[in-house]
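One structure is given here, and the rest of the page talks about it.
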Amino acid sequence: MLDKKQLKKEQIIQTALELFASKGFYSTTIPDIALSLKMSVGNMYNYFKSKDTLAIEIIKYISAYLGEKLKEINEQEISTKEKTRKIVEIYFKTASLKPEMIDYFLRIYLSNREVFKESCEGMLCVNEFVTEIMIYFEEGVKCGDLREQDFFSAFGLFMGYLGGMVFLKGENVLPKDLNDYVDDITFNIYKALSAE
Amino acid sequence: MKKKMRVLWLSAIACNGNTHSFLNYPYMEQFLDDFEFIYHPVIDSEYSLEDIVSKEITCDILLIEGAISKEFKRADVSVVDIIEKYSKIVQKIVTVGTCATFGGIFRESGYEETSGLHFDKEEPLKTHKDLLDKTISVSGCPVHPEVLVNTLYAIKKSAALKLDNFLRPKEFYAYTVHNGCTRNEYFEYKVDNHRFGELEGCMFYDHGCQAPFTHGSCNKILWNEVNSKTRAGVPCMGCTEPTFPRQNLFSTKKNMAIPENLPVGVGKRVYLTLAGISKAFKIDRLEKKLIDD
Ligand code: SF4
Ligand code: SF4
């Protein structure tokens, strides 16, 4: 069971995520977040020492959340193609249900590197998520479904495509619902990575 | 005069590499004070190979070097028959080297059902099961002379050797060759800028080092008392294992940049998580050359 402090932390993370998404990272202050939660600013600092610490905790939280979902997919006895589809689905589902999460990843984590430089070197803060993507690739190559290649070129292809679609959706330029693209996108990604 | 142990060194399908390795044992004089060969293919001995196959000469330990096949003969007698005859009278049988233990490089040539005495690679064999209690395996291509000699002394002293699943003395085969390599720090921080023969870098990521999953004492008991492959800058080729020899010994098999074989007992998820963390460090000292920069 999550203890009280952990629960409160998650509430703060969720609220901060929503505010960052609507007002932007730099214009949202700790007092704004405290106000939204009806907490005192002093009490807020008991949970997160600074906005930067909060920012780092948020990206770790998102990585753990997505990592857990991917782990469930990786542990199923299904073909790499089916796994690919499930990963696309879960990513889009998260983007629809918790748009602020994916938004945070794309707009804040990837574009404000200075905030994350200190304790998030390399892939440290998104480790859980990246590890599961690695396992998806590794198992795909091992069973002969996917082509052996440099990890980052494969990773960039996969995540760049998904991120790009969510970004387009966020900008309201996609004519259809995200979920309507799952088949096509799965096909394209799989075709690009596959060994055939 | 104290009693010497009588040893028969029988060569099956072999390149004599274990013999050569054994000849580098630094305290040979002492050894020959304690053991005598009733027959050895290159060391002077009391009996000839013909004597060995035609008579039954008293003997305490049977050493087998080389892979075994029913079709293979020494002095016109099948090696399997020679083994069977002597195995009945000796106290212990020692399979010397990887060929005698698992089949090794000769098994790969595909000659007439070639295998080790008790194993065909990892597969336990049904034949010679009655000898299991007598056998100790000292694998290696070639075996390290000290591992062989110390095993023989343990037999002489009737010391109880604990064996692993492949009948190898745990004393020498419970560690991995990775244990004691001077490049461990490079392995820890995932620094792989290795060049053959140089002091820097770990060979696990690119150059095929199999030490993290190879059982042996190579970095604890040095070769010729001075060095080991990995210390010198050449990857461990896993020569003590049933899988030896595999192909492409100088490159690491990877799937999407992830090594296919991981250190013994380390799960993939755990390995990737740890690797991800250590890769985040950039340690200048390890990126540079240590000497002559
Ligand atoms: S070179 Fe081989 S033995 Fe040495 S640290 Fe690297 S993996 Fe281990
Ligand atoms: S370092 Fe590896 S390949 Fe070399 S002798 Fe030792 S176990 Fe065999």
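Using N, Cα and C of the backbone, Cβ positions are placed for all residues, glycine too.
TrEMBL lists B:CYS15, B:CYS99 as binding [4Fe-4S] cluster 1, and of B:CYS59, B:CYS141 the one it places in that same site is B:CYS141. Record note: TrEMBL gives B:CYS236, B:CYS239 as [3Fe-4S] cluster-binding, and the candidate from B:CYS202, B:CYS218 in that site is B:CYS218. Within the same chain, residues at least 6 positions away in sequence whose Cβ sits under 8 Å from that of B:CYS202 ([4Fe-4S] cluster 2 binding site) are B:ARG183, B:ASN184, B:TYR186, B:PHE187, B:LYS190, B:VAL191, B:ASP192, B:HIS194, B:CYS209. Take the binding-site residues B:CYS218, B:CYS236, B:CYS239: by the count of other Cβ atoms within 10 Å of each Cβ, the lowest one is B:CYS239. Not one of the binding-site residues B:CYS99, B:CYS218, B:CYS239 places a Cβ under 6 Å from an atom of ligand 1.
Listed in sequence order, the residues B:VAL177, B:ARG183, B:ASN184, B:TYR186, B:PHE187, B:MET203, B:PHE204, B:ALA211, B:PRO212, B:THR230, B:PRO235, B:CYS236 complete the 8 Å Cβ shell around the [4Fe-4S] cluster 2 site centroid, once B:HIS178, B:CYS181, B:CYS202, B:CYS209 themselves are left out. The two recorded residues B:CYS218 ([3Fe-4S] cluster binding site) and B:HIS178 ([4Fe-4S] cluster 2 binding site) have their Cα atoms spaced 9 Å from each other. Across the domain 'Cytochrome-c3 hydrogenase C-terminal' (B:173-247), the DSSP tally of helix, strand and coil residues reads 13 helix, 4 strand, 58 coil.
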